[in-house]
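Chemist: Feature table excerpt (TrEMBL):
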DOMAIN    B:84-299  domain 'ABC transmembrane type-1'
TRANSMEM  B:24-52  transmembrane segment
TRANSMEM  B:88-109  transmembrane segment
TRANSMEM  B:121-142  transmembrane segment
TRANSMEM  B:148-167  transmembrane segment
TRANSMEM  B:225-249  transmembrane segment
TRANSMEM  B:280-301  transmembrane segment
Amino acid sequence: MSAAQKAMAEADLVDDREGMTYLNRLPRRIVVIYIPLAIFVFVLLFPFYWMGVTALKPNAELNNFNDYNPFWPSSPTLQHIKYLLTETSYPGWLWNTMLVAFGSTVLSLFCAVLAAYAIERIRFKGSRVTGLMIFLAYLVPPSILFIPLAYMTIRLGIYDSRMALILTYPTFLVPFCTWLLMGYFRSIPYELEECALVDGASRWEILTKIMLPLAVPGLISAGIFAFTLSWNEFIYALTLIGSSENKTVPVGVLTELVRGDVYEWGALMAGALVGSLPVVILYSFFVDYYVSSMTGAVKE
Amino acid sequence: MAQATLTTAPPHRSLLADLSHNRAFLGILFMVPAACILLFFLTYPLGLGVWLGFTDARLNRPGFFIGFENYVSLSGDPIFWLSVFNTLLYTTVASILKFALGLWLALILNENLPFKSFFRAVVLLPWVVPTVLSALAFWWIFDSQFSIISWVLMKAGLISSPINFLGDTTNARASVIAANVWRGIPFVAITLLAGLQTISPSLQEAATLDGATPWQRFRHITLPLLTPIIAVVMTFSVLFTFTDFQLIWVLTRGGPLNATHLMATLSFQRFSSGQLGEGAAIAVAMVPFLLAAILFSYFGLQRRKWQQGGDD
């Protein structure tokens with residue numbers, strides 16, 4: 001190994017794969033790796049760019065690609081966002097989405113923590129089967145549940161209320177969070193718990209004072225993931241909510257801002273942009289937690 | 001002090017103490033909140049859905065039992081069979097593309113790249129943003145007159161008139177599949193990337209020393225070690241593609257000429273036009289396919305244990 005390669009390997013000790021890259025010459029790497037990567041990133045991000053640019057264009061530029069450069073707003077304006085926030089029910093939808101996502105996340109986390117602890121650590125009779133059932137529950141898609149749920153919520157008298165969504169979202173959040181937290185609890189050493197048991201701590205004390213502080217990363221992962229899933233949920237919000245003031249952002253934008261034959265693309269894209277921002281901001285702060293919860297749920 | 005409380009306490013709280021050390025009791029107590037929610041809002045509705053499929057229920061009145069009438073009328077309904085065909089086509093094509101492109105992206109991201117974590121974060125964005133909202137962006141991109149894709153292609157002189165993305169049956173199918181693939185790639189890529197990172201680089205190095213070509217290394221090392229996670233990822237992907245609703249509902253609502261109607265969108269359409277029973281029957285008809293996917297996942301997981309040297 002030449003001195004230069006040695007220096008390179010030492011510079012990046014964290015990554016073992018460094019060792020093989022010298023086999024690829026730079027021109028080859030450009031063709032095989034960088035160009036496809038650039039295309040992937042471009043395609044994956046372009047819709048967001050287009051959404052943002054459209055939201056900032058004044059109406060005159062929206063449909064006139066020949067007089068104005070379509071890829072850049074010549075005279076950017078906030079009129080669409082202002083219209084959205086002042087002349088539509090959009091702020092109300094944002095508030096609803098926030099409340100529903102927050103409520104269902106808290107409820108699901110509470111249920112999931114207890115369930116995951118019971119399955120993983122109390123190991124009562126039938127805990128394995130229960131774990132499997134929880135996994136199967138995760139595989140039940142909302143598209144086959146929305147009709148009976150709509151039928152039920154009407155009879156329960158909670159149709160068209162935020163409560164309907166807060167209570168139904170846990171059907172997919174609880175299985176997911178439980179499954180994820182089971183993995184986290186499994187990684188905490190048994191000895192800690194045994195010590196506490198010998199010292200006379202109750203199960204509740206062990207859970208709240210030992211397990212939960214150690215499982216904080218897992219709780220954050222499950223929490224932000226659940227929040228995102230409820231923020232993005234559509235089919236339940238579409239079927240269980242009827243009146244405009246109770247709608248969530250995805251449903252509101254689609255059912256109230258799309259009307260007639262002439263679409264107000266500026267306002268629509270502004271609605272999409274503003275509705276995406278909260279989860280994107282949350283995501284940008286917790287990227288690693290997202291990745292770990294996404295891969296954790298699959299790996300187990 | 002501690003001694004005193006220990007000796008006096010037992011007779012006072014014996015029942016409670018017994019219960020608090022009984023695993024079965026504690027386990028069930030801790031399961032109560034989750035079980036209540038899942039049994040009441042998941043298991044019960046599943047059963048209720050099956051029952052509704054056998055009735056002529058409406059939203060505001062419980063229906064009467066009508067046996068297999070909904071299923072009989074569905075089996076003679078060409079739109080239903082078209083939706084089954086569309087769903088299978090959509091799921092197959094989109095899943096294959098998602099898998100191929102996702103694996104490719106995962107392999108690229110697994111290389112030693114500058115700004116690796118930045119790329120990983122950016123790639124996941126389509127998955128984080130609410131599907132309905134990104135689908136709206138696609139709706140605008142697929143606009144029949146002002147599509148940016150058409151404009152660019154026309155400027156480049158490749159086509160003479162705008163592409164009718166969502167108005168033509170073939171184009172509409174291709175467009176919704178493209179949008180679904182766009183949204184699904186990040187999930188497949190990031191989870192497969194996590195799988196790739198568990199493969200020890202020394203295996204690759206050993207194979208290289210033995211003279212294996214990159215293709216041979218991929219075919220005989222990477223792929224077999226990745227198979228178990230591929231099985232799980234693709235099961236999830238197939239499951240969610242099969243039951244997809246939002247993307248179609250935003251882009252085409254099943255049109256043109258029902259060419260993009262999936263079983264989920266058809267079910268919703270019947271439901272919202274008041275035929276609750278028939279909508280529920282369509283949803284029940286999706287179950288056999290889902291079971292097949294779950295069994296596939298089960299055997300995928302089994303194989304994983306065996307590959308890791310564990311007992312089956």
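Using the three backbone atoms N, Cα and C, a Cβ is placed for every residue, glycine included.
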Chemist: Under 8 Å between C-beta atoms and at least six residues away from its ends: which parts of the chain pack against the transmembrane segment (B:88-109)?
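Modeler: Result: 116, 119-120, 123, 173, 176-177, 180-181, 184-190, 192-193, 195-196, 218, 222, 230, 234, 237-238, 241-242, 244, 260, 262.
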Chemist: By a Cβ-Cβ criterion of under 8 Å, what residues six or more beyond either terminus of the transmembrane segment (B:121-142) are in contact with it?
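Modeler: Hits for the transmembrane segment (B:121-142): 105, 109, 148-149, 165-166, 175, 179, 182-183, 185-187, 189-190, 246-247, 250-251.
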Chemist: Residue list, the transmembrane segment (B:24-52) vs rest of chain: Cβ under 8 Å, 6 or more residues beyond ends.
Modeler: 63, 276-277, 280, 283-284
